[in-house]
Amino acid sequence: MSSSDRSANSSHKVPTEHPFRTTKILRSLLCRRLLCCSEIRTHLPALLPHFNQSHFSRKYSAEGIGVRMAAYKLVLIRHGESCWNQENRFCGWFDADLSDTGEHEAKRGGQALKDAGYEFDICYTSVLKRAIRTLWFVLDSIDQMWLPVHRTWRLNERHYGGLTGLNKAETAAIHGEAQVKIWRRSFDIPPPCMDEGHDFYQSISKDRRYSDLTEDQLPSCESLKDTIARALPFWNEEIVPQIKEGKRVLIAAHGNSLRGIVKHLEGMSEEAIMELNLPTGIPIVYELDKNLKPLGPMQFLGDEETVKKAMEAVAAQGKAKK
């Protein structure tokens, strides 16, 4: 590697003193793939005034070199650990509150957004208190408690039916980890239904927050496919128009309702979404183009080790205790 290559590779500083020399260098760097899209976006404002003085201006504009600029940003956050998460129980539509750890996670996520300078225009969450409280802690941390918040059952967690309230590890010991993983993470296989004799039937199915739902809308159990089917209409009809108007959107919701949005955004396969573990209380950032297509993979606002441990903890919930 030449000294100029080493210099470019180490610092990525592109000189701008001469338009023709600058154009040549940028073309060379692009061909060698030494600049990623974010670095190109960083350098282009300084470079383009020079390009406009040359016949290379159109060819090497942001549009001409095929750089997709971020039109929108979207931030998602899964609620902090709930009391039932802490007890490793299937929670679903049961209205479990945040644990002390969950409150800490929500505040930590809010602080990460504050440190990164995020501001929002509108927020969305479910009608379950663990997600609502997470949003409260985040908005308090970033001093934006005044923002409008829209709550909807369509962003609720997946309904775990007859499994609601059961300990995941104990259920795995009885039925096997493979069966529990199918119930938890299969795309289109629902768990057993919650019948009227279930301990939590009255507190969920007869709760007045769901009094406006039709019989077809009120589930007794859901697969991930079912969860996505009731979440995406709200995404498409309510959230997408706000994003396209330029509103900065924050969504605080649940593992499975958020996985549905992620699957839709990234075009993930059914198999891939089954293996995705979203950590609790860690903001997830997407940069989207004008068609709401991600410009890259999801970004976590958190240190790598914290994110890794949080994802591993979620993955381990359905395993039997040794």
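Placed from the backbone N, Cα and C atoms, the Cβ positions cover glycine too.
Taken straight from TrEMBL:
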BINDING   78-85, R130, 157-160, K168, 184-185, 255-256  substrate binding site
ACT_SITE  H79  active site, tele-phosphohistidine intermediate
ACT_SITE  E157  active site, proton donor/acceptor
SITE      H254  site 'Transition state stabilizer'
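Of the candidate recorded positions, H79, W84, Y160, R185, the one lying closest to H254 (site 'Transition state stabilizer') when CA atoms are compared is H79. Each of the binding-site residues W84, Y160 was scored by how many other Cβ atoms lie within 10 Å of its Cβ, and the smallest score goes to W84. Listed in sequence order, L98, G102, A106, L128, R130, A131, R133, T134, A252, A253, H254, T280, G281 are the same-chain residues at least 6 apart in sequence whose CB falls under 8 Å from the CB of H79 (active site, tele-phosphohistidine intermediate). Of all Cβ atoms in the shown protein chains, 25 besides its own fall within 10 Å of the Cβ of E81 (substrate binding site). R185 (substrate binding site) falls within a helical segment according to DSSP. When the recorded positions R78, R185, H254 are compared by the number of other CB atoms within 10 angstroms of each CB, R185 has the fewest. Residues near E157 (substrate binding site) in space but far in sequence (CB under 8 A, at least 6 apart, same chain), listed by position: C91, G92, W93, S126, L128, T227, A253, H254, G255, N256, S257. In the three-state DSSP scheme, R78 (substrate binding site) is classed as strand.
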